[in-house]
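The transmembrane segment annotation in TrEMBL covers 7-28, 40-62. Among the features that TrEMBL reports, domain 'CBS' is placed at 214-271.
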Amino acid sequence: MCFCKESFYCTVSLHISSSVLQLLLFWLKMVEITNDVQSLLLIMLAVMVAKMVGDFFSASLYSSLLRLKCIPYLDVEPFVHHRRERLNLELFSARDVMEPHVRVLHLRENIASLAWLLASTSHGGFPVVGRPKPDHAQVFQGTIKRLELCMLLENEHIFEPETSNESFSFSHPLTYEKITVEKLPKPSRLAVLLNRYTTDPRYQQLFINLEPYINKSAMSVQAHFSLQRTYIIFRTLGLRHLTVVDLQNRVVGVITRKDLMPLPLEERLRLQLSPQSPDAGE
């Protein structure tokens, strides 16, 4: 799902500072109404208690707006319960919540396959894999965003024919400013290009070198990494997706922001706990 980045950050900022602002506003209003400076501390205490009671029994206005707009905002601490008991996420790993069916790209990617992938999915980014040496397995190299791939496909002069080796020329790579955009300038033109790339047999013999354009500093965690610390990393760095790898650095899954939302997180952990429950055999 796409949403405006500026409005997302503004909503999150309002949500974080809402408690302090509301306390100050209520306190000032009560002081103005009573016009009693001597009861200043008592008024402040009454406002704080009323605010705490209200937050305990109902969600704040900004939290309700985040849910109504379907904005995947992560709380500071994940509250996941199973059978009325709060789960300790340190006892779970990233493997328990990741999506195992991952669409990966290669450093040398076929144009027709890439166009079909973009046309058939709505993912915001993809892990990129490659071989460190010819006889090695495909390992995680970095990530690339969907918008960047779309901008690359609009420049046919960087396409190259298939060669016997895996070497590519770096003579005319696109600049960072040219492929980094907030939104597509002409979405209708891209749809026409994707349709042509997937139907024209010529593009099945053409490839693109993604190595100059991938984010080689992209975060990744191992499959056995603590789920609690995965949540903290995801929220602290403001990630949208996180690649999960095995001990050999091969891609085994991906975690998105939606996977860490309270309801999906609780459902996936419930599936992990169901074989261990005492009622499983009944």
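A Cβ is built for glycine as well, from the same backbone N, Cα and C atoms used for every other residue.
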Summary of DSSP states over the domain 'CBS' (214-271), given as helix, strand and coil counts:
24 helix, 16 strand, 18 coil
Average the pLDDT scores across the domain 'CBS' (214-271) and report the rounded value.
91
